[in-house]
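Undergrad: Here it is, the structure in full.
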Amino acid sequence: MRAAPHTLRITRPDDWHLHLRDGEPLRSVVAHSAAQFARAIIMPNLRPPVTTAQQALDYRQRILSAVPAGLRFEPLMTLYLTDELPPDEIGRAKAAGVLAAKLYPAGATTHSDAGVTDLRKIRKTLEAMQRAGMLLLVHGEVTGSDVDLFDREAVFIEQQLIPLRRDFPELKIVFEHITTRDAADYVQQADRFTAATITAHHLLYNRNAIFSMGLRPHYYCLPVLKRETHRLALVRAATSGSDRFFLGTDSAPHPAHLKEHATGCAGCYTAHAAIEMYAEAFDNAAALDRLEGFASFHGPDFYGLPRNTGSITLRRESWTPPQRFAFGQAELKPLRAGESLPWRLVPADGTTSLEVGGDEPAR
Ligand SMILES: NC(=O)N[C@@H](CC(=O)O)C(=O)O
Ligand SMILES: [Zn+2]
Ligand SMILES: [Zn+2]
């Protein structure tokens with residue numbers, strides 16, 4: 001048997017699904033992602049949502065100005081699809097460098113109230129995207145109160161995704177943050193125009209995490225964590241070597257007081273330790289050799305972008321993320337707060353990743 005490696009060097013990874021928010025909260029969190037990832041696909045679910053090319057360009061500029069000096073980070077922008085989005089905005093967005101548009105079924109998740117109420121209403125926009133080569137990113141859950149929360153992803157595949165795939169065969173679709181064996185199987189068997197992102201928390205946890213010795217709101221996200229058989233299927237997909245699956249943290253910061261609330265917000269914050277959590281999940285599956293493809297190659301290959309050239313190093317060294325970070329005027333409780341992690345990112349400049357951000361907002 002080979003000895004378990006103590007360090008792991010991989011091509012610098014990207015995050016293909018990230019929420020950075022805006023204003024002061026943005027300035028509090030962006031350094032965490034920039035310390036780990038070269039690029040990230042930035043979700044457009046602000047209030048109001050990012051629905052025009054100009055808004056995407058302005059938001060990109062605000063993100064760049066929030067990146068601390070000395071860190072390089074490229075935000076890759078997306079548009080938020082609504083029933084009213086004019087199809088010709090797609091051409092303007094494409095020309096402005098926007099890579100993708102995001103489908104939030106109305107009511108499916110955080111800040112999705114302006115989302116699409118019926119796919120038939122956006123056919124012309126989807127046609128324009130297919131023509132322009134703009135990717136469609138989907139939050140794949142149906143919303144009806146008649147469908148059990150834990151079945152919403154599987155029902156979405158049958159009711160929405162299969163017809164969508166048939167009607168727009170050459171539209172590149174990323175099924176975002178998949179959480180079920182159904183979704184992993186669907187993507188594995190689909191053609192080369194379909195891929196999926198998988199979060200670190202869905203690789204590490206099943207739904208017991210939300211209910212373990214009391215209700216734990218920091219494990220609540222959408223799509224919600226599923227049962228263990230689904231987690232195992234996600235681990236198999238991520239570590240299979242298949243280029244259909246790639247890294248997307250879905251790190252989704254919310255003020256702690258709104259998560260620890262009678263109607264707590266959905267979203268887990270993982271950007272402070274994302275690559276470390278993925279390394280842990282791949283290590284648990286004895287598949288560390290597959291991490292680089294998943295984290296650094298499959299995403300850019302699917303998006304048609306160049307792979308990164310630099311590298312990062314991870315060390316097997318236990319460390320403990322802090323209990324909280326500042327988040328604008330509020331607090332942010334990260335996943336694994338106060339709990340040890342077995343892998344640690346070795347920062348390029350010799351400081352520790354914990355010092356980026358620290359207990360204070362990173363500026
Ligand atoms: N994942 C989440 O639970 N929340 C995300 C929205 C999303 O990605 O669905 C958020 O913006 O907070
Ligand atoms: Zn989502
Ligand atoms: Zn998300």
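If you go along the chain as it appears here, the first residue is 1 and each next one adds 1.
Each residue, glycine too, has its Cβ placed from N, Cα and C.
Note: TrEMBL annotation is automatic and uncurated.
Because the structure is a prediction, the values reported are computed rather than measured.
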Undergrad: H19, L20, R21, N45, H139, H254, A266 show up in TrEMBL as binding substrate; which entry in L79, L81, L171, L222 does that record put in the same site?
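TA: TrEMBL names L222 for this substrate site.
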Undergrad: Going by TrEMBL, K102, H139 bind Zn(2+) 2; tell me which of H177, H201 is listed for that site too.
TA: H177
Undergrad: Which one of D243, D250, D283, D289 goes with H17, H19, K102 at the Zn(2+) 1 site, as TrEMBL has it?
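TA: So the Zn(2+) 1 site in TrEMBL includes H17, H19, K102 plus, from the candidates D243, D250, D283, D289, D250.
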Undergrad: Identify, in sequence order, the residues in the chain of K102 (Zn(2+) 2 binding site) that are 6 or more apart from it along the sequence and have a CB within less than 8 Å of its CB; answer 'none' if there are none.
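TA: Counting only residues 6 or more apart in sequence, the Cβ neighbours of K102 (Zn(2+) 2 binding site) under 8 Å are M43, P44, N45, T78, L79, Y80, L81, L137, V138, H139.
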Undergrad: If the criterion is a C-beta within less than 6 angstroms of any ligand 2 atom, which of the binding-site residues L20, R21, N45, H139, H254, A266 pass it? List them in sequence order.
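TA: Among L20, R21, N45, H139, H254, A266, near ligand 2: H139.
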Undergrad: Using a 10 Å cut-off, grab the number of neighbouring Cβ atoms around the Cβ of H19 (substrate binding site), all chains included.
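TA: Its Cβ has 25 other Cβ atoms within 10 Å.
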